[in-house]
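S.K.: OK, TrEMBL features for this one:
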TRANSMEM  7-28  transmembrane segment
TRANSMEM  48-74  transmembrane segment
TRANSMEM  81-104  transmembrane segment
TRANSMEM  116-137  transmembrane segment
């Protein structure tokens with residue numbers, strides 16, 4: 001199980017998404033106030049929730065759990081490939097929702113006379129995870145071809 005490269009890819013996906021869940025995705029500032037976009041809320045400097053982003057948090061949590069489930073289904077490679085495709089769809093959804101919530105955060109500070117915004121590294125991690133999900137699916141497919149080839153030899 002752990003000796004397969006796709007297991008490492010899937011563990012990297014889980015780790016990256018765990019970081020994304022708890023890190024600040026973006027920040028917005030204006031006229032003496034600062035706001036942070038997190039996986040579950042858009043918060044001000046005091047920690048008060050301005051806008052709930054719980055759907056993004058749920059989607060990121062689900063996307064972090066699917067690779068762990070996939071790792072333990074190592075005997076059912078075709079199901080693993082399907083779960084990798086589901087993971088890729090979830091990660092695209094996460095990236096789209098991050099963009100939507102970033103836009104909403106920009107709209108919150110756009111009314112302030114002086115405003116700045118920036119993104120954190122964590123906002124790009126679902127896209128990096130998408131690459132690792134593709135690599136994992138490709139490695140699982142290669143394993144399946146190897147097993148089918150070995151069955152033909154017998």
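Each Cβ is built from the backbone N, Cα and C atoms, and glycine gets one as well.
Would you situate these features in the structure and describe their surroundings?
M.R.: Using a Cβ-Cβ cut-off under 8 Å and counting only residues 6 or more beyond its ends in the same chain, the transmembrane segment (7-28) has close neighbours at 1, 34-39, 57, 60-61, 63-64, 67-68, 70-71, 74, 87, 94, 98, 101-102, 105-106, 108-109, 115-123, 125-126, 128-129, 132-133, 135-136, 139.
Under 8 Å from some Cβ of the transmembrane segment (48-74) lie the Cβ atoms of residues 1, 4, 7, 10-11, 13-14, 17-18, 20-21, 35, 37-42, 80, 83-84, 86-87, 90-91, 93-94, 97-98, 101, 104-105, 108, 126, 129, 133, 136, all in the same chain and six or more residues away from its ends.
Same-chain neighbours of the transmembrane segment (81-104): 13, 20, 25-26, 37, 42, 51, 53, 55-56, 59-60, 62-63, 66-67, 69-70, 73, 119, 123, 126-127, 129-130, 133-134, 136-137, 140-141, 144, counting only residues six or more beyond its ends whose CB sits under 8 Å from a CB of the stretch.
Same-chain residues lying 6 or more positions outside the transmembrane segment (116-137) and placing a CB less than 8 Å from one of its CB atoms are 6, 9-10, 12-13, 16-17, 19-20, 23-30, 60, 63, 67, 70, 81, 84-85, 87-88, 91-92, 94-95, 98, 102, 105-106, 109.
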